[in-house]
Amino acid sequence: MKYQRPKGTKDFLPEEARKASYVEEVFRQTCALFGFQEIRTPILEPKELFLRATGAETEIVQKEMYLFFDRSGRELALRPEGTPGVIRAVIEGGLNPPQRLFYLGPMFRYEKPQKGRFRQHHQLGIEVLGEKGPYTDAEVLFLATTFLSAIGIKDYQILLNSLGCQNCSPAFSQALKAFLSSEEKKLCPDCQGRLLRNPLRILDCKNENCQKIYQFGPKIKDYLCSDCSEHFASFLSYLPQLGIKNYRLAENLVRGIDYYTRTVFEFVSERLGSQNSFGGGGRYDNLFADLGGEKTPAIGFALGLERILMLLPEGEKEEPAIIFIAFLSPADFEKGKEIITTLRSARLKVIVGEVGERLKGQLKRANSYQARWVVIVGEEELKKGAVSVKDMKTGEQREIRKEELLNFLK
Ligand SMILES: [Zn+2]
Ligand SMILES: [Zn+2]
C-alpha cells in the first residue's frame with residue numbers, strides 16, 4: 001500500500017467511530033448533569049506551557065512531547081495533556097472561578113506504541129476550578145463513576161493517594177532524596193539527574209530497578225501535615241456515601257506530572273493487561289499561580305477514550321434502521337420528493353438513491369448500506385397515491401399508501 005497512517009495513530013472506521021461518539025455523548029450528558037460547561041482549546045500550545053505546568057523533569061516533557069518550530073520560528077508543542085491549556089485559556093480569557101469545565105479531544109505523546117497506547121489518543125477530561133474542600137474531590141470521582149456506570153463499565157478500581165501541599169511535600173522530597181542518595185549509583189541515568197532536580201519524579205520511573213529501590217523508601221503519607229491528612233480522610237469518608245467502594249490506597253502513586261497536590265487518583269482495570277490504567281487525575285492547587293494567575297485551588301481528571309473503548313461491553317444499543325428511497329425516474333422524484341423530508345422530520349434515517357438508476361442497481365446499493373427498508377417510488381404506485389416498501393430482511397414487498405408510510409416505518 002502506498003500511504004499508511006503515521007506510526008502509533010489509529011483510524012476510527014465507522015463502527016468504532018460510532019462507539020466513540022456514543023461514549024463522548026454520554027460523557028457530555030453526564031458533565032451537563034453535574035453542572036459542567038464545555039471548553040475547547042487549541043491542539044498547539046507554546047512549548048514553555050508544558051515545561052512550566054506538566055514539569056521539565058517529567059517523562060512526558062522530556063521524552064514524549066511532539067515539538068516543532070513553525071514557519072516564524074516559534075517553538076510549539078502538540079498538547080500532550082489537556083489541563084495546562086485549559087488553565088492557560090481560563091487565565092487568558094479572564095474567566096472567574098469557580099468554574100466547572102469539561103473537554104474532549106486528541107492529545108499527542110511520542111511513546112512506544114503498544115496495545116491501547118497511541119501517539120495520538122483522545123481524552124475526556126474535566127476541571128473544577130476554585131473549590132478547595134474535600135467534598136469536591138469526592139464529587140469529581142462521583143462524576144467519573146457515574147459516567148463509567150452509564151456506559152456499562154464496572155470492573156475497574158480507583159487507586160488513591162495524597163501528595164501533600166507546599167508545606168509538607170518538601171519534607172518528603174528531602175527524605176526521599178536522602179534515602180535515594182545512598183543508592184544513587186544503582187539508579188538509572190535519568191533518575192540520577194532527577195535526584196538533584198526533582199526526586200519525586202523518580203517514583204514514576206518505569207525502570208524496574210529504580211522501582212525496586214524506592215519500594216523501601218519513605219512514604220508520603222508519613223509526611224502529610226495535619227491539614228492534608230484531614231483533607232484526605234474527609235475525602236475518603238465521602239466515597240462510600242456516594243456509593244464508591246471500588247477504591248484502594250496506593251502509597252506510591254504520584255501520576256507522572258509535577259503540578260499535583262493533595263488528592264491524586266488513577267483508574268485501573270485488569271482487563272487492559274499490563275498497561276492497566278485508563279485515566280486519572282488529582283488536585284492541583286498551585287498551577288494557576290505557577291502560570292501567572294491568581295492562586296486558585298483546582299482538581300480534575302482525564303480518561304483515555306481508546307482504553308475506554310477496549311472496556312466497553314459488547315452490544316450497546318442498536319442503531320436505528322436505515323431507510324433507502326429509490327426514485328425510479330426524475331418525474332417520480334418530482335411527485336414523491338416530500339417523502340424524504342417527512343421521514344427525516346420524524347427522525348428516521350434516510351439515504352436517497354441516485355434518482356433514475358435502475359431498480360436492481362438501487363437495491364444492490366441499499367443492501368450495501370445495510371438498509372432495513374427500501375421505499376420504491378415509481379409511476380404506477382404514485383398514480384394510486386402509494387409507494388412500494390421492500391423489507392430487506394424478508395425480501396417481502398408491499399404497497400403502502402403515502403400517508404400511511406410514516407406510521408408503517410416507525
Ligand atoms: Zn500539607
Ligand atoms: Zn529510573
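Each residue, glycine too, has its Cβ placed from N, Cα and C.
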Co-listed L-histidine-binding residue [TrEMBL; alongside Glu81, Gly82, Thr83, Gln123, Glu127, Arg255, Tyr259, Tyr260] among Arg28, Arg109, Arg271: Arg109
Structural state of Thr83 (L-histidine binding site), classified by DSSP into three states: helix
Thr83, Gln123 as binding-site residues, winner by CB count within 10 A: Thr83
Arg255 (L-histidine binding site), number of other Cβ atoms within 10 Å: 20
